Amino acid sequence: EEAIFLRKKITLLRAFSLLIGSMVGSGIFISPKGVLKNSGSVGFSLVVWFSCGLLSMFGALCYAELGTRITKSGGHYIYILETLGPLPSFLFLWAEFFAIRPANSAVVALAFGRYMLEPFFAPCAAPVPAVKLVSLLGYYTVLTLNSWSVTWSARLQTALSIVKLLALALIIVPGMMLLAQGHTENFQDAFDRQSLVLDKLPLAFYAGMFAYSGWFQTSFVREELVKPERNIPLAVIVSVITVIVGYMLTNVSYYTVLGTEDVLASPAVAVSFVQRAFKSLISVVPVLVALSCFGTMNGGIFTFSRTLFVASREGQWPPLFSMIHIRRHTPLPAVMLMFPLVTAMVCIGDIYHLLNFFSFSRWLFIGLATLGLIVHRLRHPELRSPFKVPLFVPVSFTIICLFTVAMSFYSDPVNISIGCTIVLSGFPVYYLIIHRQIFLPFFSTLSDYLTHKLQLLLEVVQQEIKTY
């Protein structure tokens with residue numbers, strides 16, 4: 001009885017919660033080990049954390065401008081499509097679907113499972129099969145919620161954002177108290193150059209940037225934002241500054257309580273911290289961290305489903321995935337599509353290998369998206385954007401991203417080569433199916449048949465009103 005389309009339900013508060021909820025997740029609780037391991041010392045690891053925060057701010061400002069120039073949802077995908085063309089956008093979509101997003105979701109899900117079970121098995125490590133089972137249960141719960149209601153997904157994100165900030169506060173406060181009492185022994189020789197290995201620094205940046213990743217999430221849901229020209233830049237700037245301050249204080253607290261060896265030996269740094277500093281909260285903090293990871297999973301599913309939705313609408317993905325449930329007004333097929341790949345990666349994957357595996361592809365295409373901003377400015381000098389950053393911001397961010405991607409081939413050639421191969425495997429698919437459409441008649445007939453049957457099963461239809 002009413003028009004079927006994605007409603008504008010994301011206010012400024014919900015946009016802020018989406019960004020905080022996506023950034024403050026598993027990263028700050030698992031990445032300190034990866035940053036320290038690859039930077040070599042406490043001092044250099046803190047420099048990496050601050051540099052990653054500054055780099056994230058640069059990237060977030062670039063995406064805020066792109067979000068005011070390009071009015072469609074879809075994030076990296078739509079920005080690359082509108083600025084650099086269909087081939088690089090399809091390669092991003094290919095890598096995002098088969099490598100970046102399922103690996104990222106698996107990392108967060110595994111962190112959720114590990115922290116959820118930690119209080120029950122401490123001081124021993126939780127059994128791996130149990131961790132993976134709980135990880136999958138958490139992921140499936142979020143998947144169901146996003147299929148059911150946009151409003152409830154957004155409300156959950158707001159509530160969990162408060163939980164995330166509370167979890168950080170419970171780590172920061174006791175650490176700062178001990179630091180004020182003069183416990184600075186773990187900061188002696190903080191900048192030990194002998195342990196610094198330059199070719200490992202890209203992996204340290206990958207771990208740090210993973211913890212900050214999420215600053216681009218509002219770009220995926222641009223069409224569902226209330227007053228996007230005002231709310232995107234405002235939400236981005238406030239949330240990134242909040243996270244930078246929180247992460248720096250959290251890491252200082254970690255190092256105040258735990259030595260270098262303790263951090264490197266810990267499978268769950270936040271739990272080791274609480275065991276040492278605040279034993280009365282030993283069963284509380286891991287649950288807060290797990291809920292934090294739960295919020296990151298929710299934000300990831302919420303936003304990536306919009307990428308598939310827009311790609312389908314642009315003709316680079318099967319048409320079923322641009323359809324919306326007739327009563328729930330959620331992009332149900334797009335939400336459900338990641339289910340099998342994430343399940344497989346959780347079952348077979350390891351957190352740190354998955355982290356390096358998907359980081360190469362992610363930062364390659366983020367660098368291309370900000371390169372696209374420079375190209376868009378040159379092509380459309382007449383366009384007056386309501387939000388504009390100085391040119392050196394996208395230029396420096398693009399150079400750093402692409403340089404880090406190139407350097408990572410020396411740091412972890414096996415995982416990076418796998419990621420590169422997945423990206424390149426999209427070339428023949430694009431050429432045969434989308435560009436030349438050699439196999440289109442066969443695929444079109446099969447796709448029409450399957451689409452009709454699945455429409456009836458899922459109760460979904462095409463969007464009836466343009467929202468951009």
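Using the three backbone atoms N, Cα and C, a Cβ is placed for every residue, glycine included.
TrEMBL lists 12-30, 42-64, 76-100, 120-142, 162-183, 203-221, 233-257, 277-297, 332-354, 360-379, 391-410, 416-434 with the feature transmembrane segment.
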Contact call for the transmembrane segment (76-100) against the transmembrane segment (12-30), three or more Cβ pairs under 8 Å
no
Are the transmembrane segment (391-410) and the transmembrane segment (42-64) close enough to be called in contact, which here means at least 3 C-beta pairs under 8 A that are separated by 6 or more residues?
yes
So, taking each listed stretch (162-183, 203-221, 233-257, 360-379) in turn and counting its Cβ pairs to the transmembrane segment (42-64) that are under 8 angstroms, which one gives the highest count?
233-257
Below 8 angstroms Cβ to Cβ, which residues of this chain, lying six or more residues outside the transmembrane segment (233-257), approach it?
12, 15-16, 18-20, 23-24, 28, 32, 42, 45-46, 49-50, 53-54, 56-57, 60-61, 63-64, 68, 165, 168, 171-172, 174-176, 178-179, 183-184, 186-187, 211-212, 215, 218, 263, 269, 273, 276-277, 387
Is the transmembrane segment (120-142) close to the transmembrane segment (203-221), in the sense of at least 3 CB pairs under 8 angstroms with a sequence gap of 6 or more?
no
Contact set, same chain, for the transmembrane segment (12-30): CB under 8 Å, 6 or more residues outside the stretch:
107-108, 111-112, 115, 154, 157-158, 160-161, 164-165, 167-168, 210-215, 217-218, 221, 225-227, 230-232, 234-236, 238-240, 242-243, 246-247, 250, 268-270, 289, 292-293, 295-300, 302-303, 351
